[in-house]
Amino acid sequence: MILSSDHHQNDLSSLLPKHVAIIMDGNGRWAKKRGKLRAFGHRAGIKAVRSAVSFSAKHNIESLTLYAFSSENWNRPEQEVSSLMELFIFALDSEIKSLHKHNIRLSVIGDIGRFSERLQDRIHRSVKLTANNTGLQLNIAANYGGRWDIVQSVQKIAQQIKDNSLEQQDITEELVNNYMNLSQQPQVDLVIRTGGEHRISNFLLWQIAYAEFYFTDILWPDFDENVFEGAINAFAKRERRFGGTIPDDADVGS
């Protein structure tokens with residue numbers, strides 16, 4: 001059960017994250033433990049995606065961002081990359097009607113121009129179908145990298161300066177943020193990483209500046225609503241400072 005009975009219902013909105021981002025790690029190791037190829041683990045991970053989406057929708061989380069394919073993943077074996085691309089198409093084809101039925105809005109962030117025309121078409125059609133939905137905002141980060149995101153923002157600002165539509169002294173943190181992916185959504189409150197690793201892996205470098213982190217040894221295909229609930233409960237107990245401090249007389253250990 002999320003939180004305890006000590007919390008009044010009207011306090012829940014301030015304790016629960018509005019935006020959760022997940023680094024879905026461990027598919028390959030999950031498959032290896034079962035004597036299978038990595039592709040088997042990636043396919044098994046779809047069930048965990050369903051669980052994460054369902055949990056988020058049920059608990060009124062506004063945005064869920066899933067790290068599906070990083071810009072560095074192109075360095076994996078060609079057969080695995082090809083399998084991932086086909087799995088992406090399969091997932092879109094099999095899940096989009098359900099997402100639409102449940103009022104979930106889909107967005108894909110990243111440099112999708114490197115994908116095949118077939119995959120790009122599936123992405124555009126899926127995003128268009130759900131564009132007017134008003135429930136959970138589901139973001140899939142595909143061919144995405146945090147550094148790439150910052151660079152593309154800077155490039156757009158540089159073009160404005162070149163076009164004489166922006167003065168250099170007018171560049172602010174807010175302006176840079178406006179050109180970043182997810183800028184129109186709540187800031188990321190909680191980052192969950194499965195698989196036991198404790199690193200960011202070039203994910204949402206700008207957007208997670210004040211996020212809380214939750215690491216679990218659970219491999220992604222085994223991620224379910226109970227694991228998600230544990231992360232949310234841990235988040236609710238955190239003292240978020242956003243770069244500030246707390247009073248010296250506060251009853252804390254730091």
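Every residue gets a Cβ built from N, Cα and C, even glycine.
Lifted from Swiss-Prot, the feature list:
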| type | residues | note |
| --- | --- | --- |
| ACT_SITE | Asp25 | active site |
| ACT_SITE | Asn73 | active site, proton acceptor |
| BINDING | Asp25, His198, Glu212 | Mg(2+) binding site |
| BINDING | 26-30, Arg38, His42, 70-72, Trp74, Arg76, Arg193, 199-201 | substrate binding site |
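Everything Swiss-Prot records as a feature, shown here on the structure.
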residue: Asp25; record: active site; contacts (Cβ under 8 Å, 6+ apart): Arg193, Thr194, Gly195, Gly196, Glu197, Ser201, Leu219, Trp220
residue: Gly26; record: substrate binding site; contacts (Cβ under 8 Å, 6+ apart): Gly41, Thr194, Gly195, Gly196, Ile218, Leu219, Trp220, Pro221, Asp222
residue: Gly28; record: substrate binding site; contacts (Cβ under 8 Å, 6+ apart): Arg38, Gly41, His42
residue: Trp30; record: substrate binding site; contacts (Cβ under 8 Å, 6+ apart): Gly41, Ala44, Leu219, Trp220, Pro221, Asp222
residue: Ser71; record: substrate binding site; contacts (Cβ under 8 Å, 6+ apart): Gly110, Asp111, Asn143, Tyr144, Gly145, Trp148, Asn202
residue: Trp74; record: substrate binding site; contacts (Cβ under 8 Å, 6+ apart): Val81, Arg114, Asn143
residue: His198; record: Mg(2+) binding site; contacts (Cβ under 8 Å, 6+ apart): Phe215
residue: Ile200; record: substrate binding site; contacts (Cβ under 8 Å, 6+ apart): Ile23, Gly146, Val191, Ile208
residue: Glu212; record: Mg(2+) binding site; contacts (Cβ under 8 Å, 6+ apart): Pro17, Asp189, Leu190, Val191, Phe235, Arg238, Arg240
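Over all protein chains present, the Cβ of His42 (substrate binding site) has 24 other Cβ atoms lying within 10 Å. Remark: Asn73 (active site, proton acceptor) has Val81, Leu84, Asn143 as non-local neighbours, by Cβ distance under 8 Å and separation of at least 6 in sequence.
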